[in-house]
Amino acid sequence: MYQQELNKVNDTACFEEHFNDVKLQFILVLPVHQSSGELDEEAVRYPEQLADKSFDNTGLLLESPFNFAKQQNNSVLLTIDLTRAVADEAIERGDSIIIAYHPIIFRGFKSLTLSDPQQDSLLRLAQNGISVYSPHTAVDSVPGGMADWLLDIVTGPEGISGDQISHTRSIIHPEINPPPGFENAGMGRIAKLEKPGQLQSIINRLILKLDKPSGIPVALPQGKRIHEMTNIRTIATCPGSGSSILMNNRKPVADVLVTGEMSHHDALAAIENRAVVISVFHSNSERGYLRAVMQPKLEAALRGEWDAVRAEEACSLEGNDRDRYLRDWLSDAIFTVSVSERDQDPYEVRAKED
């Protein structure tokens with residue numbers, strides 16, 4: 001009897017280790033295809049090496065053990081911020097992994113208690129077998145990441161149809177030692193326009209594409225009006241808080257600076273140097289990227305990975321308890337990536353009510 005229980009414990013530990021190894025293959029950070037060792041050019045990847053580790057806390061922040069009593073769906077939930085509402089959403093949905101752009105753990109804990117909302121969310125996610133990964137600044141840096149996406153918005157068609165703004169694009173702070181395949185990575189993007197552009201046209205694009213019909217904050221040089229600014233030559237973008245990227249020794253790097261937020265004094269320094277600052281609120285400069293870019297490409301990449309894992313692992317299964325659990329899990333061909341419906345910026349613009 002004792003030996004049977006010991007074997008059961010060993011099988012469980014082995015299965016948990018196997019399950020988590022397979023589950024973590026679906027995280028979007030690995031630049032190399034798991035089986036072939038070759039770069040998967042079709043997949044969107046955000047290598048952790050591209051994150052700014054001088055302040056950022058990226059990577060696997062919560063690795064939850066497999067819960068036999070509550071087997072999760074083969075699904076990933078994308079969010080900008082992992083709030084209590086988003087944690088509830090993932091638990092209700094039965095997701096396996098949350099990919100939270102902003103790291104929910106930024107500094108070390110001295111305790112884990114249910115009285116703290118952040119810690120409560122982490123404990124409940126662990127209890128329900130849901131892991132958490134944060135890519136953060138790696139998404140800003142990678143080619144085709146958030147900085148490029150923001151620049152695509154301000155240089156793309158104005159409205160449903162229209163002409164794009166012709167420009168040449170460069171990186172504000174290129175990555176010094178990028179991993180193979182990511183040579184064009186770095187923080188911030190800057191566009192040099194072939195023809196002078198109009199500020200109002202840039203604002204219109206942001207309001208439309210970010211779905212902010214009530215308007216967005218704009219800081220102008222004193223004495224200037226938006227309709228007067230028709231000689232825009234350069235535009236720079238940085239998602240989130242852009243001061244450290246868009247200002248160089250308190251000088252703006254472009255005529256127009258587009259970001260989520262900028263400190264009061266940096267914005268003053270920018271407009272004193274004749275630049276324009278467009279601040280759309282921190283996470284509003286990031287959230288649209290999840291649905292427009294990350295979700296469809298990640299889902300396509302992970303579905304291919306999942307099919308490969310199912311085919312490979314099914315060949316090695318035996319008839320013990322561990323493999324029966326694994327066979328049930330692998331029998332599900334569905335793999336989904338969804339964007340949180342409860343994630344939102346803490347700020348909203350409100351008008352006076354009559």
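Just so you know, glycine gets a Cβ as well, placed from its N, Cα and C.
Going through H102, H167 against TrEMBL, the one listed in the divalent metal cation site together with D140, H282, E286 turns out to be H102. Sequence-distant neighbours of H282 (divalent metal cation binding site) (same chain, 6+ apart, CB under 8 A from its CB) are G240, S241, G260, E261, D345. In the three-state DSSP reading, D140 (divalent metal cation binding site) counts as helix. Local packing around the Cβ, expressed as the count of other Cβ atoms within 10 angstroms, is greatest for D140 among the binding-site residues D140, E286. Sitting within 8 Å of the Cβ centre of H102, D140, H282, E286, and not among those site residues for divalent metal cation, are the Cβ atoms of I80, Y101, H136, M146, P239, G240, S241, G260, S283, S285. The DSSP secondary structure for H102 (divalent metal cation binding site) is coil.
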